[in-house]
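**Q** Structure provided below as structure tokens; questions to follow.
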Amino acid sequence: MDRSPSLFTSKKFVFFGATFCCLLWGSAYPAIKNGYQLFNISPDDIPSKMVFAGYRFLLAGLVLLLFALASGKAIGRLKKGQYQQIAILGLTQTALQYVFFYIGLAYTTGVKGSIMNATGTFFSVLLAHYLYKNDRLTLNKIIGCALGFVGVMVVNVGSDLMDFNFSLLGEGSVVLAAFILSAASIYGKRISQTMDTTVMTGYQLAIGGLVLTLGGYLFVFGLGQ
């Protein structure tokens, strides 16, 4: 019996789908900045940033798990070692990464934060070169990374072309978050070969969000606020 090609294998669908996802991801930066203003979160209020991030990802993880369950996927039939793998992924890709990301975004603009976070692509290319034999650096990749790095430099140069506006707490934290995300994504790619990606993503978002939420509240109680 002939089977029509899947919609997800169509180049046009993949292109527009990827573009739409990029638009959604890019919209997160101004949304986070607006969220800080809406909830009156000051730049130095680290616990509130952690709780703000935690609720967001905990809810996203639970919704994704419900979606997986509604799709007929088993969300509780993981092997013993897979729970540990998902926990590590959630602690790094969601919790640790977003601690630095939210802190950094509070000390830089949304546009600059979005561009600086794109440095994660450079880290992914470099890490993949050393971790995967079939994903080595090529001349085109090197040229692409070089052009991208120049673009990041241009964004951080002031109007007088001599003032390099880069702060460790702002842009530095965003770059560190990008590196953590790159390393965690490579780890996630490896463990996704043995489990459903929707279930894996749902669990790691929920675990990371829960850690961020609890960490933020514990920080508040520890400070006696």
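Glycine too: its Cβ is placed from the backbone N, Cα and C atoms.
Under the heading domain 'EamA', TrEMBL lists 18-156. For 54-75, 87-108, 114-132, 139-158, 164-187, 199-220, the entry in TrEMBL reads transmembrane segment.
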**Q** For the domain 'EamA' (18-156), report the average pLDDT of the model, please.
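**A** For the domain 'EamA' (18-156), the model's average pLDDT rounds to 82.
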**Q** Could you give the residue numbers and ranges of same-chain residues that sit at least 6 residues beyond the transmembrane segment (199-220) on either side and whose C-beta is under 8 angstroms from one of its C-beta atoms?
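**A** Residues packing against the transmembrane segment (199-220) from afar: 46-62, 64-65, 67-68, 73-75, 78, 86-87, 89-91, 93-95, 98-99, 188, 191-192.
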**Q** Tell me the residue counts in helix, strand and coil for the domain 'EamA' (18-156), as DSSP assigns them.
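**A** In the domain 'EamA' (18-156), the DSSP-based counts are 111 helix, 0 strand, 28 coil.
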